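Features reported for this protein in TrEMBL:
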- 119, 227: Mn(2+) 1 binding site (BINDING)
- 226, 227, 228, 229, 230, 353, 354: GMP binding site (BINDING)
- 259, 353: Mn(2+) 2 binding site (BINDING)
């Protein structure tokens, strides 16, 4: 029997002004508790979503975000908590903004494509310039049109970066190392990208021919939806020392942000994996609360095939963002009659928000090797972490 809204509230506890705990029992079979972080505005949205669901039972294809966080907490092998980060909201299987880690030493631990998303390695790249707002305002329409001319956008858009089947295989395996070899990136670009722009476990042979066919013509394209290449202006500097380290020197400085991922390639990799994992679940008797959480044991053939294909799609996404960086640099150089180098168009950072990665973390006082799913959320390393570029190893945040 379905619970009322008031009955659901009994499983929710506000533990700080911005953090709510989801207690075991909120959904069946929870192995750990859930938490989610919200401000007042997001809190209202989350609870309205739950209230509407309890009244109508209709969720339009996706469960409320709180229910999804709880369902992830019921997956085999999850450790610590299922975490919802701002602005967490309902998505396919996992809520968007949901993070969950699974113990690699537990043979029952699973990997779920719903915890990565269909746009594998969708991410954001920030590129600085030495231009000021006053430099751009007189030519903003011309610059915008030139960016449109250089970077294809829209559903089904096709790229202008030369690519054949052999080159695609190499790009899927090599990531930004392929872009560097082809002359599309600068050597220092890799130093400012997560994983240095390449996941080494990528195996193009695990990517279906259909996924490759979809990805072949789309390299260097934004696509549609919420993806963008956006000219931005620095309006406020909170930490002058940190900003200077990143080449952000003054107000009204112009930067470029690129937000995109693996296009049709990643979508097909996820689709293929979901089909395979539904079969694996029946074979291995894996039960989940929501069929959108289709999964497989990490060390199963299906689990390993997905992780290798996912890594290849992630490499494609880094090549895609790198190709658009190359095209954007050319567009800026054309408008300002200069070179990308003279315009100081260095990458500040590139980070993914749709990915699963093997990492070591402290859990209950012990270091554990985990498969961390991040969907609509990014990693956040502390200062002096070895994978942060040396120049940036200070307490920084770019918003």
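For all residues, glycine too, the Cβ spot is worked out from N, Cα and C.
What you are looking at is a predicted structure, and each value in this text was computed from that prediction instead of being measured.
Everything TrEMBL records as a feature, shown here on the structure.
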residue : record                : CB count, 10 Å
119     : Mn(2+) 1 binding site : 25
226     : GMP binding site      : 9
227     : Mn(2+) 1 binding site : 16
228     : GMP binding site      : 12
229     : GMP binding site      : 24
230     : GMP binding site      : 10
259     : Mn(2+) 2 binding site : 18
353     : GMP binding site      : 21
354     : GMP binding site      : 28
List, in sequence order, those binding-site residues among 119, 227, 228, 229, 230, 354 whose Cα sits within 10 Å of the Cα of residue 259 (Mn(2+) 2 binding site). 227, 228, 229, 230
Could you state the CA-to-CA distance between residue 228 (GMP binding site) and residue 119 (Mn(2+) 1 binding site) to the nearest Å? 14
Hey, what's the widest CA-to-CA gap across 226, 227, 228, 229, 230, 353, 354, the GMP contacts in the record, in Å? 20
If you measure between the CA atoms of residue 353 (GMP binding site) and residue 119 (Mn(2+) 1 binding site) and round to the nearest Å, you get 10
In DSSP terms, helix, strand or coil for residue 229 (GMP binding site)? strand
